[in-house]
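The transmembrane segment annotation in TrEMBL covers 36-55, 62-86, 98-120. The feature Na(+) binding site is assigned by TrEMBL to Gly70, Thr73.
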Amino acid sequence: MSPLLLALGALAGGVGAALRYSADVAILRWWGPPWGVFVVNVVGSFALGILTGAAPSADLQLIIGGGLLGGFTTFSAVSVTTILLAEERRGRIAIVNVVGTFVLSLAAAAGGLALGAALAPGAG
């Protein structure tokens with residue numbers, strides 16, 4: 001991996017993290033926890049599915065997939081939020097958070113893969 005590619009991936013990761021924070025704050029204003037991180041992870045899974053299905057160059061997959069979308073999505077925040085909800089005796093929401101994030105992120109990734117493959121150059 002070239003130093004330029006590494007730098008672009010790192011920069012994209014920082015942008016993704018800033019986008020995640022901004023989206024989380026905006027969504028939290030309307031719906032409260034845990035919905036900001038929940039939406040971010042489902043949307044990020046869909047976007048990564050599209051990217052992977054479209055199969056762009058390895059460099060773009062690294063920069064956008066590993067960098068931007070890797071910085072945008074976060075499993076650690078799901079884990080911490082779920083524990084905090086459980087500690088607050090909001091067990092139902094904690095279960096919805098962890099199971100819902102997992103199931104909907106898988107469905108979003110599958111849909112994104114299918115869409116990306118359909119949009120890929122030479123598809124259809």
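Each residue, glycine too, has its Cβ placed from N, Cα and C.
In TrEMBL, annotation is done automatically, which means it is predicted and not curated.
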When you measure from the Cβ of Gly70 (Na(+) binding site), how many other Cβ atoms are you left with inside 10 Å?
18
Going along the chain, which residues six or more apart from Thr73 (Na(+) binding site) have their CB under 8 A from its CB?
Gly16, Arg20, Val40, Asn41, Gly44, Ser45, Leu48
When DSSP states are folded down to helix, strand and coil, where does Thr73 (Na(+) binding site) land?
coil
